[in-house]
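The structure appears right after this line, and notes come after that.
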Amino acid sequence: MVEAQTWTTRRMSNPRLESTATADHQLLDIPATPTAEVRNGIYSVGSHLSPNLLTALIIASWFMSNIGVLLLNKYLLSFYGYRYPIFLTMLHMISCACYSYVAINFLEIVPRQHILSRKQFFKIFALSAIFCFSVVCGNTSLRYIPVSFNQAIGATTPFFTAIFAFLITCKKESAEVYCALLPVVFGIVLASNSEPLFNLFGFLVCVGSTAGRALKSVVQGILLTSEAEKLHSMNLLLYMAPMAAMILLPFTLYIEGNVARITLEKAKTDSFIVFLLVGNATVAYLVNLTNFLVTKHTSALT
């Protein structure tokens with residue numbers, strides 16, 4: 001029988017290593033095999049945080065950015081007199097596309113993903129159309145109703161989300177969840193009845209925005225969590241935002257006229273509007289990104 005060679009005998013049989021050999025056995029420190037993410041240079045943002053803490057930070061960021069963009073939209077559309085909600089939404093989408101492109105291709109925060117099928121493309125396109133409808137309706141409602149009432153109506157989003165989740169994915173929630181949604185809807189009915197600045201058109205448009213937001217949450221939840229079509233939040237925003245901007249372009253040209261020329265002329269006499277639009281578009285990007293992250297780390301209903 002041939003005696004099996006140990007690591008030491010094989011190592012000592014190499015003439016090039018004999019000069020470095022000693023009487024004592026030398027132990028080689030072999031590093032652990034790196035994971036696939038490390039080998040590819042891919043690091044997920046916030047991976048050093050606990051999952052619960054990371055989710056809490058994402059939700060807090062979404063709340064803060066959402067409040068910020070609402071106040072900026074209200075100031076622009078109502079107090080500042082910039083009455084172009086569709087063009088404003090298109091600016092939001094252009095900024096989302098630009099920021100996502102920089103984050104993925106230059107900063108390399110996440111790896112670039114590609115659309116895998118025509119079915120996935122149409123899902124992203126549908127998500128873009130739903131998102132356009134929701135945001136345009138929401139921005140339009142701010143011209144007619146206060147921000148506080150807008151947010152009160154928005155509190156019914158879980159009610160619509162539960163309905164759409166059941167219709168699209170056949171997902172049923174527990175009886176406790178459905179019972180918890182009833183007081184929210186009933187409270188909005190009472191708030192609408194006692195709102196001193198109630199406007200019927202603004203109310204209906206805001207309800208449409210809320211329903212669209214709920215439908216968007218369900219569809220984006222499928223795209224963010226489905227094993228076959230899973231996309232990172234930044235990649236989904238990268239593909240969705242340009243589609244949404246293209247959908248909004250003919251509407252803003254037809255309804256709001258030559259709004260780009262009007263904005264440029266206004267910027268020449270009042271540079272503050274440039275600061276407002278850039279700041280508003282930046283915060284809108286954070287709203288959309290954190291919204292996707294909340295859906296990915298929790299659920300559409302959450």
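Using N, Cα and C of the backbone, Cβ positions are placed for all residues, glycine too.
Keep in mind that TrEMBL annotations are predicted by a computer and have not been checked by a curator.
Residues or ranges marked as domain 'Sugar phosphate transporter' in TrEMBL: 56-302. Per-residue pLDDT, averaged along the domain 'Sugar phosphate transporter' (56-302), amounts to 85 for this model.
If you look up TrEMBL, you'll see 53-72 (among others) marked as transmembrane segment. Long-range neighbours of the transmembrane segment (53-72) within the same chain, counting only residues 6 or more positions beyond its ends whose Cβ lies under 8 Å from a Cβ of the stretch, are 46, 142, 147, 150-151, 276, 279-280, 283-284, 286-287, 290-291, 293-294, 297-298.
What TrEMBL lists as transmembrane segment is 84-109 (among others). Residues 41, 45, 73, 76-77, 132, 135-136, 139-140, 142-143, 234-235, 237-238, 240-242, 244-245, 248-249, 251-252, 255-256, 259-260, 262-263, 277, 280-282, 284-285, 288-289 of the same chain lie 6+ residues outside the transmembrane segment (84-109) yet bring a C-beta within less than 8 angstroms of a C-beta in it.
The annotation transmembrane segment is assigned in TrEMBL to 121-142 (among others). Packing against the transmembrane segment (121-142) from elsewhere in the chain are residues 70, 73-74, 77-78, 85-86, 88-89, 92-93, 115, 150, 202-203, 205-206, 208-210, 212-213, 215-216, 219-220, 222-223, 229, 236, 239-241, 243-244, 247-248, 251: each is 6 or more residues past its ends and has a CB under 8 Å from a CB in it.
Among residues of the same chain six or more beyond the transmembrane segment (148-168), those with a C-beta under 8 A of the stretch's C-beta atoms are 70, 138, 141-142, 177-178, 181, 184-185, 187-188, 191-192, 195, 197-198, 203, 206-207, 209-211, 213-215, 217-219, 222, 300-301. The transmembrane segment feature in TrEMBL is assigned to 148-168 (among others).
Marked as transmembrane segment by TrEMBL: 175-191 (among others).
Residues or ranges marked as transmembrane segment by TrEMBL: 236-255 (among others).
Nonlocal intrachain contacts for the transmembrane segment (271-294), taken as residues 6+ away from its ends with a CB within less than 8 angstroms of a stretch CB, comprise 58-59, 61-62, 65-66, 68-69, 72-73, 75-76, 80, 82, 88, 91-92, 94-96, 99-100, 220, 224, 233-234, 236-237, 241, 263, 302. Annotation comment: TrEMBL describes 271-294 (among others) as transmembrane segment.
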